[in-house]
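Q: From TrEMBL, here are the annotated features:
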- 25-49: transmembrane segment (TRANSMEM)
- 41-290: domain 'G-protein coupled receptors family 1 profile' (DOMAIN)
- 61-86: transmembrane segment (TRANSMEM)
- 92-118: transmembrane segment (TRANSMEM)
- 199-222: transmembrane segment (TRANSMEM)
- 242-260: transmembrane segment (TRANSMEM)
Amino acid sequence: MEEGNQTYVTEFVFLGLSQDPHTQVLLFFLFLIIYLLTVLGNLLIVVLIHIDSRLHIPMYFFLRNLSFADLCFSTTTVPQVLVHFLVKRKTISFAGCSTQIVVLLLVGGTECALLAVMSYDRYVAVCKPLHYTTIMTHRVCAQLATGSWASGAFVSLVDTTFMLCLPYRGNNIINHFFCEPPALLKLASADTYRTEMAIFAMGVAILLAPVSLILVSYWNIISTVIQMQSGEGRLKAFSTCGSHLTVVVLFYGSAIFAYMRPDSKIMNERDKVISVFYSAVTPMLNPIIYSLRNKDVKGALRRVTKGRKEMKG
């Protein structure tokens, strides 16, 4: 579309993760395996928690929300990336790019809030076990989950409003493998200071605030665990905390690096690799770390499998 001598961008072209055809084939299979594991793992968690009444407790209620968010997060980017590994010209329409950003920010913001809520749930369970059922009621859990999705929607609304109001003319080549605000800002044909400040402010609200709550929660959890008499209980709790904090470091660390730097608009190869962690790797790891290693989930899976065998028999 043209206005005077200026041409508005109607589609964007990605440079992708690699220009080498052989590397792209290898990356295709790597991302395909990651995506299949992500879909199978998260779908399994959602289904198991839904059908097994023993898992209808706050921790698994939040896990089901997290798994659904992970499914949406990964599906928004990875299938498109898989297609682009197999084609020479990697394009996306302006509308498609806008939709991708809206969904990514919505689901990503929600996941940030959910991880903080889950850490609070664990804090209450470990540090205030006698008051757990009175604090984490069904109503409170529903409010916390709704608040998480609402915060993600708010962040998405603010960031995309600022981003999509910018004019995009001429240059349409994105040095990335999916539409992400810092990469897209580089192409804007106007001053982006206000938009960058809006993204930074939303980053403080949805990245720094939740990660601070998570660190405080786990600090209190670890302090309580150290005082436990049982050595086996301490080891189990430390193992759980360690695996959960690994996800936190991977997800929040890479996201903070991408969105909270002063020069976040400048994209390079390192930035693209870091983006892989929170867009593809973390959604795959979450069901493994939070659920599939858990004895309750394993028990639910055995019961479902046994029930299906008995029905066939």
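Backbone N, Cα and C atoms are what each Cβ position is placed from, and that goes for glycine too.
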Q: Same-chain Cβ contacts of the transmembrane segment (25-49) under 8 Å, 6 or more residues past its ends?
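A: Distal contacts: 17-18, 55-56, 60-61, 63-64, 67-68, 70-71, 74-75, 78-79, 81-82, 85-86, 280-281, 283-284, 286-288, 291-292, 297, 300-301, 304.
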Q: Summarise the model confidence on the domain 'G-protein coupled receptors family 1 profile' (41-290) as a single mean pLDDT, whole number.
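A: When the pLDDT values over the domain 'G-protein coupled receptors family 1 profile' (41-290) are averaged, the result is 87.
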